[in-house]
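Per TrEMBL, the feature domain 'Amino acid transporter transmembrane' maps to 36-393. The transmembrane segment annotation in TrEMBL covers 35-59, 65-86, 123-142, 154-177, 184-207, 227-248, 260-283, 303-321, 342-362, 368-389, 418-442.
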Amino acid sequence: MSTGKISINSLTTLTSNGDEMYHNSKRPKQKLQGLGWFVTGLFIVGDLAGGGIVALPTALIQTKLYLGVAMLLVMAVVVTFTSYVLGRSWTMLIECWPEYREHTRKPYAEIGFRAAGPRMRTVVSLVCIFTQFMIAVVFLLLASKNIQDAIKAFGGVDFSFCLVVIIVSVCLLPLTFLKSPADFWWAIVLAMLTTTGAVLLIIIGAATDYGTCAPHRTVPDLKPTNTFLALGTFLFSFCGHASFPTIQHDMRRPADFTKSTFLAFSIMAVMYLATGVTGFLAYGDSLRSSVINSIQTIAIQQAINILITVHLFLTLVIVFNPLNQEMEELFRVPQSFCWQRAAVRTAVMAATAFVAESIPSFGPLLDLVGGSTLTLSSIVFPSIFYAFINARREKMVETGVDPGPVRFADVMKYNQRWVLVVSAITIVLGVIGGSAATFSAIQEIISTKFEYPCYVSAFLDKQNKIDIASTNCCGPFQNLTVFDSVTCSLPDTEFY
């Protein structure tokens, strides 16, 4: 209920605890089952870290080392703050409105609704659907590319990338039928372990190659376009907030989500710095969209490929879940397992595979999604929604009546000054940075990143295709006649 008389004593009791399961709708109790805060923190790392580990070394090269490290640390602080306020927003919803104490398919959209009304609920739903869908496409492409590389390295077979995308989609589909994150927490913990192993192997591989590759390393000039593209990569690597309320909703104590986010982003910052700096120092601008192909020891390279692929495969399970729940809510699918769930989730997987077959290069998509809807859902929306929901809650406690969505004057009155200042700075940075990254990504896609869709390239002359999956001289360009073995770069190819 959004209006009516509120028991201030009851609200105060709820506020003091913040759990989700209640007896007699009065005193909150801990859920008998659900995710603990530590496992949830690993959950977040497993959800976000895979793509960032392989792509961030390129972003550091685009921005040179010192600016890149500074951008990485600032981004880590920003997303930690926005995840904190987003988690507090959901905690306030389950404190103030009893209907959210049961299973909710679209928790993020409900946060938008309580902050700004029904139109915002629709906007948030659309943003979350697009964001999760495009993340799923990027991860599906990256997992398929890694599998193709492993098949070529170990079997000597140049297996069709387009066919691998279809095989991965079919194998992944049954796992996406699981209802919610609480049903597959084990998958993300395993993803966290594989990510850790990949980080260690990347560091070992880069350190092994340093003596050979570093003398030939070059770094491109610092350009505004490259800086903004790198910002898109940073945003993609750290931002996954669209799924956070869904994960938080499955915790035993949702109020502990803030602990989870501090743990997760601390771990991710260390991982990203370790792989990014070592990749920068060893390989320079021979890197393109992934650090994996630049590692010269084939055994280490393919071991990382396997670990990252397992990670991505498991992560896709949670990436698809909020998207599937959004679509099920749209088509009013029952909560229990049924043929409608299978049909909707199969259709979502088919649509994801089709887009992946249509745009078989994940680098440009990563920058575009990172700069656009990920910025909205991970930086802009959390700061705005928290300020409005907190003001509504405080006014509710003060008056004993739910006032509905509050005005800007109430936001200024009921929120602490530091919250307003930090939120304003975060929103401005998000809008400027996201807009610049989106514009640069669109320019890059239009000008230099076109690849034929799989259903078109299948009919082209294979002799005209260039394979860049192999390694050579600190970079993925073996067998290219234009390769410059002295500088370890492509002299006629602009770094992106």
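We count from 1, first residue shown onward.
Keep in mind that glycine also has a Cβ here, set from the backbone N, Cα and C atoms.
With respect to Cβ pairs under 8 Å, the transmembrane segment (35-59) is most closely packed against 184-207, considering the stretches 123-142, 154-177, 184-207, 342-362. Across the candidate stretches 65-86, 123-142, 154-177, 227-248, the maximum count of CB pairs under 8 A to the transmembrane segment (260-283) is reached by 65-86. Beyond its flanks by at least six residues, the transmembrane segment (123-142) meets 50-51, 54, 106, 108-109, 111-113, 165, 168-169, 172, 236, 240, 242-243, 290, 308, 312, 315-316, 319-320, 322-323, 326-327, 348, 351-353, 355-356, 359-362, 365-366, 368-369, 373-374, 376-377, 381 of its own chain at Cβ-Cβ distances under 8 Å. When each of 154-177, 184-207, 227-248, 342-362, 368-389 is scored by its Cβ pairs under 8 Å to the transmembrane segment (303-321), the top-ranked stretch turns out to be 184-207. Long-range contacts of the transmembrane segment (184-207) within the same chain, counting only residues at least 6 positions beyond its ends with a Cβ under 8 Å from a Cβ of the stretch, are 35, 39, 42-43, 45-47, 49-50, 53, 175, 178, 271, 274-275, 278-279, 281-283, 291-292, 295-297, 300-301, 303-304, 307-308, 310-311, 314-315, 317-318. Of the Cβ pairs linking the transmembrane segment (342-362) with the transmembrane segment (65-86) and spaced 6 or more residues apart, fewer than 3 are under 8 Å, so the two regions do not touch. Within its own chain, the transmembrane segment (418-442) is flanked in space by residues 78, 81-82, 85, 225, 228-229, 231-232, 235, 364, 367-368, 370-372, 374-376, 379-380, 383-384, 386-387, 390, 411-412, which lie at least six positions past its ends and keep a Cβ under 8 Å from the stretch.
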